[in-house]
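Asks: According to Swiss-Prot, the feature active site, proton donor maps to 703. Annotation source Swiss-Prot lists 5-methyltetrahydropteroyltri-L-glutamate binding site at 16, 17, 18, 19, 121, 524, 525, 570, 614. If you look up Swiss-Prot, you'll see 440, 441, 442, 493, 608 marked as L-methionine binding site. Sequence annotations record features per position, and here Swiss-Prot assigns L-homocysteine binding site to 440, 441, 442, 493, 608. The Zn(2+) binding site annotation in Swiss-Prot covers 650, 652, 674, 735 and rests on sequence analysis.
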């Protein structure tokens, strides 16, 4: 019999219950007990949703981030959060976001609260984790209480499950040494704590534990490979069965290593690396389980179940009970339930599968393998019809778009003149001071904005009323910025629910859901649009709003667009053609918008590429091809404008030291980046690379409610000036201010502008 299991389930709830519960708690509108009760309610619901599985995940739920959970399980807390009042949950949120719900945190430091933990991308996904912090003297101590609580809850519900934990080597690999120490030097201190955790689970009668080591799909040097051997040799003596889980790609040159580790089972990503399975069957010892990720855990298209069975059936005959099947990775990266999508186009809806539907697909596969295809003939026939419908649909293919792609040539991505010739023309047109100030684009999405949007979508507010409401919010943003004396303004994006979905709603070839939310970090959720067909722009998307905002002020107003690579990487993308082709289609559509903004008199146009880096393949050997088409797509989008039009781009959550040459090749006049959480460490790239254009290193962390001081910002900018000539520096926040409140934004920007004025006085 084939065993079914799942690596992880979305934790936010089908209606984002966790998001709203967290935000109520942080605002002091609910108690700690109420938040914990909500967590228990969601876990119970999700385990019930997974009852048909042979083994459901336990411990995959988190109030913020699973890596942060592991840090607390291992007793690895930053010293700056120690000594505060409150319980473990308070300290947990202090690390995650700089403060808890405790009022005492308001005055803990000069900024209020403490410095939040650094946040970065989880491998090549749009999920973000809190980076573990290490020092040479870091010690670990086990606190399994959270995991044991979830285990007890699952057992009380009669759930057959397996605890899920992050592996010791991946945990170290994901972290950052805050001194010059070697993270791997901590492995001898870390392994006994992991051993104690496994012993604790054994004492609880746990048979299987899932240990995630996704670094096995990355390029590892000899030291990290040896660390994996050392770790699992040390843990082998425990009396618990270990399923070692890998995902997000092929094992590649780590295949033999993974197959040889002394564990009881190995899970592999059979979506991205199906061709490795035969080799694993040969190399795995005869007593080991092989779990294949046969359902795509990162995308929302239905699985071709008949084709998958054609592949799985010989494997099941060969392996028998040693074969397990599961999604390729945790379902954290897909929405919860397609059944909620009653307004989605029925044809497109028939092509999709969210988390619950993927579990249904898994059960169909298992039934077919264990009892024969006849037992699920109706389900297989319905699946085949949906797959064929999508393949044949004329809505997927647009000959005009394909013809436009064929006309792309090398010249399309080139500016008329190099930056050195453009910069004086832009300076003359814009007349900006030294250390010019700006923001990244969005301002707070207030309750009034959200209410107006809901009323407009429901029909309770007509188009004229909605336009008037949005114009009022835009005017408020402009007046606030003028009062703050910012130099280059933005319209605030009141009309946009999301920086990607907003454009997806207006492009042919896209569909959008009502409840297709996935977690980005903490309480932050995104609703990726669905890129199902060839992309084109029927009409202008932003010109009306930007020109209205510009009419309110004499200061430069930035046109705000999301770039093609970010739209691609933050969408659920069709899987029937190369991603590069879809990206070029997006580039042509956004290019038309750039040119329309310029024709309307917009002098500064920002094209956000926040997700450029996250699209990088996990293996460096594959980076070149991706960067070639990603950079080319940006250049096609941006480079049709005149020399005196200033092009900005923005990148957030990105470590870009290793791709700085490609970023320079994008040839944006100004790049703004996230740097504050890393204390300007991201600028280390400029020690060895002379970045030719202008740059705005983010000077305060918008993901934390803490207010930066003027002196703190001045200090950060002085660090930046050690690497970038002062005449090419801008002063700006890390990212957009959509998720903050005006009461936080105004004092933070006041201090930022004051810091810029101080810097100007110091360089005169």
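Glycine too: its Cβ is placed from the backbone N, Cα and C atoms.
Help me see these features in their spatial surroundings.
Replies: Of all Cβ atoms in the protein chains displayed, 23 besides its own lie within 10 Å of the Cβ of residue 703 (active site, proton donor).
Close to residue 18 (5-methyltetrahydropteroyltri-L-glutamate binding site) in the fold, though at least 6 residues off in sequence, lie 11, 12, 38, 39, 42, 63, 523, each with a CB less than 8 Å from its CB.
Here the Cβ of residue 441 (L-methionine binding site) has 25 other Cβ atoms within 10 Å, regardless of which shown protein chain they belong to.
Counting only same-chain residues six or more apart in sequence, the Cβ atoms lying under 8 angstroms from the Cβ of residue 493 (L-methionine binding site) belong to 441, 442, 443, 499, 560, 736, 738.
Sequence-distant contacts of residue 652 (Zn(2+) binding site), defined by Cβ-Cβ distance under 8 angstroms and a gap of at least six in the same chain, are 440, 610, 673, 674, 698, 734, 735.
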Asks: Specify the secondary structure state of residue 614 (5-methyltetrahydropteroyltri-L-glutamate binding site) as given by DSSP, simplified to three classes.
Replies: helix
Asks: Just give me the nearest neighbour of residue 608 (L-methionine binding site) among the binding-site residues 16, 121, 525, 614, Cα to Cα.
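Replies: For residue 608 (L-methionine binding site), the spatially nearest of the binding-site residues is 614.
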Asks: Which value in Å gives the longest Cα to Cα span across the L-methionine site residues 440, 441, 442, 493, 608 as recorded?
Replies: 13
Asks: So, in DSSP terms, is residue 608 (L-methionine binding site) helix, strand, or coil?
Replies: strand
Asks: Please report the three-state DSSP label of residue 650 (Zn(2+) binding site).
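Replies: Reduced to three states, the DSSP call for residue 650 (Zn(2+) binding site) is strand.
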Asks: Compare the Cα of residue 650 (Zn(2+) binding site) against each of the recorded positions 16, 121, 525, 614, 703 and report the nearest.
Replies: 614
Asks: How far is it from residue 525 (5-methyltetrahydropteroyltri-L-glutamate binding site) to residue 703 (active site, proton donor), counting Cα to Cα, in Å?
Replies: 13
Asks: Rank the binding-site residues 440, 525, 735 by how many other Cβ atoms lie within 10 Å of each Cβ and give me the one with the fewest.
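Replies: Per-residue Cβ counts within 10 Å for the binding-site residues 440, 525, 735 bottom out at 525.
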Asks: Pairwise over 16, 17, 18, 19, 121, 524, 525, 570, 614, annotated as binding 5-methyltetrahydropteroyltri-L-glutamate, what's the top Cα to Cα distance to the nearest Å?
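Replies: Taking every pair of listed residues, the largest Cα separation comes to 27 Å.
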